[in-house]
Amino acid sequence: MTSPSPQLSDGQPAGAGRYAPSPSGDLHLGNLRTAVIAWLLARDSGRQFRMRVDDLDTARARPGVAQRQLADLAAIGIDWDGDILWQSQRFDAYAAATAQLTQRGLVYECYCSRREIAEAPRAPHSPPGSYPGTCRDLPESIREQRRAALGNGRTPALRLRAEVTELTITDQVHGDCTGVVDDVVLRRGDGVWAYNLAVVVDDAAQGVDQVVRGEDLLSSTPRQAYLADLLGVARPEYAHVPLAVNAAGERLAKRDGAVTLADLAEEGTTTRSAVARIVASLGGPDGADSIESLRGVVTPESLRSGPWVFD
Ligand code: GLU
């Protein structure tokens, strides 16, 4: 059961922030720090805080990883409201959203392999990395041939027929950002639902109106905002948080040594001292080792100072 929404003073139900790990491995301190920021910006604005596990690709799911991520989040003091939403349980909702778009003529089948996409001729000025539109306007006779040629249990991918090529979103850390909107994949050829669709459907389902996440996802945001507009759900507010980097300025990763709570514990570093590092990196009170000590301290403006250098 989902807990009842708290009410704001004007009687409107509070919205929600969220954190949504992909269960690909243990969270490192940079990921945990982003989760803390998401939790703070939600709680400090009177919102609920929701948790979601982004386990769309069930074939690649590794048992126990999500449970360890959730345990680490709880261990550093993050709490959340209501049930955890598991994307692996949500395929009917993604199918329903896709059906809604299909009915409006906004979905088409795509038979392209990665290589065909990379090698396809592109219109001049088409944005780098965008889908070149190969399958967008194929006649049905060709579609039948291409469907038959897929083989290997593959189905056609489903793509959105986008009617714009770019969109501007407002980000609380980065300001106005204009980015590419192309014919995004809604369902991959191997049947896996696409991240961009799932995020929009799930944020709406969880009442999320504040998306705080790593800066690496900023470039996908115009596509997600466009999908939200098409599906008739309000765009959430966005804050994309600078990432943690190593001394060489590269994204923090396993190669950087003890970066997860488990690695740190093996070296004799307690969870409390790991939290103290996160607190210090966010300008918390000297020596504080609880995320509560950061209440009221972190704002989107305070995050503009750039990446957290972890060494
Ligand atoms: N699951 C995604 C990740 O871990 C984040 C998705 C999101 O926050 O929208 O990178």
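Glycine is treated like the rest: Cβ placed from N, Cα and C.
The annotation region 'Disordered' is assigned in TrEMBL to 1-23. The compositional bias 'Polar residues' feature in TrEMBL is assigned to 1-10. The domain 'Glutamyl/glutaminyl-tRNA synthetase class Ib catalytic' feature in TrEMBL is assigned to 18-284. If you look up TrEMBL, you'll see 21-31 marked as motif ''HIGH' region'. If you look up TrEMBL, you'll see Cys110, Cys112, Tyr131, Cys135 marked as Zn(2+) binding site. As annotated by TrEMBL, motif ''KMSKS' region' applies to 251-255. Marked as ATP binding site by TrEMBL: Lys254.
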*Applying the rule Cβ within 8 Å of the centroid of the Cβ atoms of Cys110, Cys112, Tyr131, Cys135, what extra residues of the same chain belong around the Zn(2+) site?*
Tyr111, Glu116, Ile117, Pro132, Gly133, Thr134, Arg136, Ala157, Arg159, Asp183
*Integer Å distance between the CA atoms belonging to Lys254 (ATP binding site) and Cys135 (Zn(2+) binding site)*: 39
*Write out how many residues of the motif ''KMSKS' region' (251-255) are helix, how many strand and how many coil, based on DSSP.*
2 helix, 1 strand, 2 coil
*asked:* By the count of other Cβ atoms within 10 Å, pick out the sparsest of the binding-site residues Cys110, Cys112, Cys135.
replied: Cys112
_CB within-chain contacts under 8 A for Lys254 (ATP binding site), separation at least 6_ = Gly25, His28
_As a test of the contact definition, list every same-chain residue at least 6 positions from Tyr131 (Zn(2+) binding site) whose Cβ is closer than 8 Å to its Cβ._
Cys110, Ile117, Arg159, Asp182, Asp183, Val184
*Any idea what the model's mean pLDDT is for the domain 'Glutamyl/glutaminyl-tRNA synthetase class Ib catalytic' (18-284)?*
95
*When DSSP states are folded down to helix, strand and coil, where does Cys110 (Zn(2+) binding site) land?*
strand
